[in-house]
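Annotated features, as they stand in TrEMBL:
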type	residues	note
ACT_SITE	Glu100	active site, nucleophile
ACT_SITE	Glu104	active site, proton donor
DOMAIN	1-215	domain 'GH16'
CARBOHYD	Asn108	N-linked glycosylation site
SIGNAL	1-23	signal peptide
Amino acid sequence: MGSSSRALLLAAVAAAVAGLAAANFRDDCDIPWEPQNARFTSDGNGLSMSLVSNYSGCMLRTKKQFIYGTVSTLIQLVPGDSAGTVTTYYASSVGDNHDEIDFEFLGNETGQPYTIHTNLYADGVGKKEMQFKPWFDPTTGYHNYTISWSPCMIVWYVDSVPIRVFRNYQASHGVAFPTSRPMFAYSSIWAAEDWATQGGRVKTDWSKAPFVANYDNIHLDLCECGAGGCATSCPAAAAQYNGACQLSPAERGQMQWVQSNYRIYNYCADPKQWINGQKPVECDLAQY
C-alpha cells in the first residue's frame, strides 16, 4: 500500500472512530505470550506479530479490564499462503463460564479468500458462529475492525460497516448476554492447521514462515475497571455506552448487504450446532 493511500485510509478511519480514545500498543498493552515475536514501531502506535512455528505465535492483551465499550484497530493480515494460520482480535473475560466476543481471520491458500469468523460466548457457552468472506483483499492494506459492546447489543464492524449484531434478550427471553464479567481486549496469531483452512484439508507450509500480521492505531473507548473493581466502577457508567441501542436505517442496509452477499455460515441455519437440537431463541428475534 502506498504512503498516500495508507494516509487516506488512516484519515477515513480516524473520522469513522471519532470519539474513541487513542491508545498505544506499547503503553496500554502487554505481550503475555511469546513477546520475542512482537515488534513495535518507534512511537508504539504500530505493531507486528509473527507466527514462526507450530508452537510459537504471539498474543497482545490490554493492561486494563473493562465492562462495555468499543475497541477498534487497523489490521493487515498475513499475505500470500496463509493456510493454517489464525489471526485474532477479540475481547474475553478470564475464569470459569467466560464471556468472549470474537473476530478470527482464518488463512487460506494463495489466491483464495480469508474467512472472517465471528463468535460469541456468554456464561461459557458459544456455538454462535457466523462466517463471512471479505469483499476486499485484507492482505494488501490496512482495514478497520471494531467490536462495540453495550448493555443492549454487541456489534461487529469492518471498515465501519456492521456485519453482525447480537442483541441483549436476557431479561425478555432468557438469552445469555455478557453483562458482568470484566474483559480484556486481545490480538493474537497462532497455528491451527488441523481445522482453520478448508476444514483442515490444507496444511501450513512452514517454509513460508514467519507469518506476520500488522496492526496500527488502536482505539479504546471503555468503561475501565477502577481501583474498586468493575462491580463499583462500570455499571454506574454503563449508560453512556448505550448509544442508540439500534442500528440506523443506513447501517441496517449495509449489514443486510453484507449478510446477503458475503455471509457463508450462520449457526441459526445449522441444526448440527444447536444445543440439544433446539433452535436458539435469538435466531427468531430481531438482530439490528
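Just so you know, glycine gets a Cβ as well, placed from its N, Cα and C.
Overlay of TrEMBL feature records on the structure.
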residue : record                      : CB count, 10 Å
Glu100  : active site, nucleophile    : 18
Glu104  : active site, proton donor   : 20
Asn108  : N-linked glycosylation site : 20
Overall pLDDT of the domain 'GH16' (1-215), taken as the mean: 90
